[in-house]
Amino acid sequence: MLTLGLESSCDETACALVDANAKIVANVVFSQQDHVSYGGIVPELASRAHLQVFPSVVQSALKESGVSLEDIDLFAVTHTPGLIGALAIGVNFAKGLAVGCQKPIIGVNHVEAHLYAAYMEASSVEFPALGLVVSGAHTAIFLMEDPLTYKLIGKSRDDAIGETFDKVARFLGLPYPGGALIEKLAVHGCESSYPFSPSKVPGYDLSFSGLKTAVLYAIKGNNSNHRTPLPELSESQKNNISASFQKAAFTSVAQKLPNIVKKFSCRSLLVGGGVANNKYFQSLLKNTLDLPLYFPSSKLCTDNAAMIAGLGRELFLSEKITSGITPCARYQWESASVSLSPLP
């Protein structure tokens, strides 16, 4: 069984193929560069770019795997959550391919695919497992009974951790996206230079808006307001702020996990999302938890279609399918309580 996956939830246009053994045989990602000058994603530009490059991205994936569309047995596409226009482009393109090839199609949840990405590359995972999604748009903690069954334990009440990194990068005068740049600067900084505190939200939820504001005041001064311009910072200041902020942000997440592991007798940890690629974060989690940890490779941390194809294949084989696939911008947290949220 050969599954072709498509991803277009934000600014990456991606196509991948996964074979009958869940092995990735092609993984092509086109990253849009037009948004850099705007300091963030412009939804209309993203949608137009998806429309323009999807045909060539699919052709590249087929060429890489040495197959044709007629060889595809199943199509999988991201249908939620994400930018509604971008999702609509991907869903309609995938539907056209499926109808033309007279093959089945299945919708995949982008957040749940991030959770599945680490499982794809793991040799064996012991369950129940703790699942952690840390990306630019979502931050959430799940209890996983198996790869397709889980419940939501906690999530960010405001900004996602990746979004917070990008906003702090903007405060520092760094280009978008800024998460990887902060990680690089932090290596040369002192993480105790600024007394940024980790989140103190009770329970298993998270919050990053307070930390973001603390960084802003550390840069502009406590008596500043929204009209106060951002000052020029020295290289050492940028390094120290990056290191101190990074420590506080990741400690906010890591400090929640030991109690969850103990309460639910978790036997492993699966981490997904672009922020999972941060080496400081990986090291912190390894030092915090005494259990097997699974991170996706760099190519599967960021948005990609391999995780969409992989999870789509699992869902299809498990018969977790409904008749319709409709783009939906928001993640339905309330549906993540027993099993994978039903496809609309």
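Placed from the backbone N, Cα and C atoms, the Cβ positions cover glycine too.
Listed features, source Swiss-Prot:
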BINDING   His110, His114, Asp303  Fe cation binding site
BINDING   Val133, Val134, Ser135, Gly136, Ala137, Asp166, Gly179, Asn278  substrate binding site
Using Gly179 (substrate binding site) as the reference point, find which of the binding-site residues His110, His114, Asp303 has the shortest Cα-to-Cα distance to it.
-> Asp303
If you skip the near sequence neighbours and keep only those at least six away, which residues in the chain come within under 8 angstroms of His110 (Fe cation binding site), Cβ to Cβ?
-> Glu7, Ser9, Thr78, Thr80, Pro81, Gly82, Asp303, Ile308, Tyr331
From Gly136, Ala137, Asp166, Asn278: binding-site residues whose CA lies within 10 A of His114 (Fe cation binding site) = none
Tell me which residues of the chain lie with their Cβ under 8 angstroms from that of Val134 (substrate binding site), as long as they are six or more apart in sequence?
-> Ala160, Ile161, Gly162, Val253, Val271, Gly272, Gly273, Gly274, Val275, Ala276, Phe281
Given the binding-site residues Asp166, Asp303, which one is most crowded in terms of C-beta atoms within 10 angstroms?
-> Asp303
According to DSSP, folded down to helix, strand and coil, what is Ser135 (substrate binding site)?
-> coil
Name, in the order they occur in the sequence, the residues of the same chain whose CB lies under 8 A from the CB of Gly136 (substrate binding site) and which sit 6 or more residues away.
-> Cys10, Ala160, Gly162, Glu163, Asp166, Pro177, Gly179, Gly273, Gly274, Val275
The correct three-state DSSP answer for Asn278 (substrate binding site) is coil
